[in-house]
C-alpha cells in the first residue's frame, strides 16, 4: 500500500529537537536488498533496505512517490544549480545505505552545508525546502556512524600527491592531469602562493564537477581600482585538453616565479588580476559548450538597423529560456562569472587548426556559411589577434604545408564568421553581453597525448616555447608557447590577453601633465599621452565620479564612430580598449550632464592612458541621452542585463494560484507535494 506522500510526515512524540527524530527500526537492523532506482543509480553504494527512512515499504512505493519525482526533475527546476548534490542527498534518504544488515544515515553536517548553499535557489523559484531534506530529522552525526553521500563528487580531490624527490617546490612537472589531479595541483599551487593566489568555483558542470578557477593578484579575491581583469579558458571541447594542460602549467609558473622573486611576475600581479579556468568542460568528449551560449548576435543585427537602438550589453532574449535546459545549465556558471567580475580581456584555447579568430562568429546573413562579419571594434580585435599570431613561432612559419598553412596569407588571423559561421559562440556573447573582448586561439591540429605519452606532451610544449627573442624566458602569453615573448608580453608585446591588458613599463602622466579644463556637458578636454616603446595594448582607463568624488556605477563610456559602449564597474572604474589615433570619448550617466574629451593614442605606447571624468548633475529639464542610449528602440534608461528573465514567473503567487513549477506534479492527484508550497 502506497504511503500518502502529500501529507508532511511528522515526528513521533519522542521528537528530540537537538538530534532529530529518533531512529526507526530500519535504522537499527534491516534486510539489505539491491538498489534498483534509476534516479539513484550513481550513488556510492548498491544496497538499500525497506522500509526506508520516510518510510516507503517497497521500490514501487518509492518510484511512485512525489519525493522521488521531485529528485528526478529538480535539476530542471533549479536550472542545474546544486546538481547532482541535492539528488544524491535525497537518494540517501529515499534509498538509505544498507551494510551488514544495518542502515547508515547520511551526515547532518553535509546536509546543513548544502542547505545553506542551495536555499537561495529554492527561494528564487518560490519553493519550500523539501521536508525529507530536513537535516535534523533524517540525518545523523559522526558519532552515530554517518557517511558523506557527496563523497563521490570529490573523487579523491583531497588526496595530496608528493612532488618527485630531489626537486624544489618551484618544480613544474610535465604530465597529463586527470580532473582530480588538476584540482589538487591548482589547490596546492594556491596554497603555496597564498599571498597572491586563491582558487574558487564558478559553479558545477552538468555531472557535478566544480568549474575551478585559480586567480593571481596582489589582493586575491577582490577587484582593485583600474586593475584590469583577465580570464583565460581552456578545455571548452571535451577532446581538446592541451589548453587545459597549458593553463595548469601557467598557474604553476606564475607561482614559482613569484616565489623566486621575479620582478616581471611581481609587476604583472601588482597591475593585473588574472583568472585561469583550465577546464570549462570536464564532463566529456561529446559536449560542445562553445555553442551553448545565448545567440545575441542575431539580436545585434536586428538592433543595428534600428535608429537610436543600443546594441551593446544586450539582454538575453526570452526565447533562450524556452526548453534547452541542459544547454542553459552547462553555461550558467560562465554567464554569472562574466556578470560578477568586470572582465576586460579574455581568450579561449582550442585545438583543430593554427589560427586566431575574433568576433563576430555568426554571419550577418544567416544563410551565408562564410561571410566577413566585423564588430564595431574590428580594428581593435585585429590588433589583439595579430599581437598573438605575429610572435607565435609556428604561425610565423611561412611554409604553406605547415599546420594552419591555409591561413598564412591572412597573417594567421581571421574573422570568425569569415571562417565558418555558427550561433551561440562564447566570444560573441562576451562582446555583446559585457565589456569583455574575447578572441579564440586555435593552437594546433593534434589531440594531446595521454597516459604513457605524457613526456612527449612536455617536449611538444617546450617546442612551442621557442621564441624569436633568444633571451626570453617563459611566456605569460596564453602559454601556447609557455616561454615565448615574456619580455614583450610584459612590455605590451605578444600577449593577447595579458600584455594587452597590462601596459607595463614607463609611468602614467600625472594630472599636472594634462591640460584639464573642467567644462560641463559639451566641454572638451584634450589628453595626449607620451609615445612609448612598441606595445600591443592601446586604450584608456580611469574613473567616473560625481562632483563629490563618489563613483558613478554603470556610467557609459562612448567613443564616437564606434557603436559599442562599455560601462563602469561598481567602483566607478573603467577600461576601454582602443586602437591608435584620435578619439572623441564621452562619459554619460542618467541624471548627469555628459562630458566629452578628445584623446590621442600614439601608435607606440606601453600602458593605457588615464582619463577620468567628473559628471555634474543636471539642474533642470529632462534627462538627456546621446543617440544609442535606448535599448531596443523602446526608450528609457539603460538597464542592467538580467541573467534570469524567469524572475517574473518566480514572484510569489497571488490569488491562490500555484507557482509555474507545479505543473510537474499535477498528474500525482492526491499525492501532489503540497509541502513544497510556501503559500
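Just so you know, glycine gets a Cβ as well, placed from its N, Cα and C.
Positions annotated as active site, proton donor/acceptor by TrEMBL: 442. If you look up TrEMBL, you'll see 111-135 marked as disulfide bond. The domain 'FZ' feature in TrEMBL is assigned to 27-149. Here TrEMBL flags 175-465 as domain 'Peptidase M14'. Positions annotated as region 'Disordered' by TrEMBL: 622-657.
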Distance [Cα-Cα, Å, rounded] between residue 442 (active site, proton donor/acceptor) and residue 111 (disulfide bond):
43
Look at each of the disulfide-bonded residues, 111, 135, and point out the one with the fewest other Cβ atoms around it within 10 Å.
135
Take every residue in the domain 'FZ' (27-149), average their pLDDT values, and give the whole-number result.
90
With every protein chain in view, what's the tally of Cβ atoms within 10 Å of the Cβ of the residue listed as 'active site, proton donor/acceptor', excluding that atom itself?
23
List the helix, strand and coil residue totals of the domain 'FZ' (27-149) as derived from DSSP.
55 helix, 14 strand, 54 coil
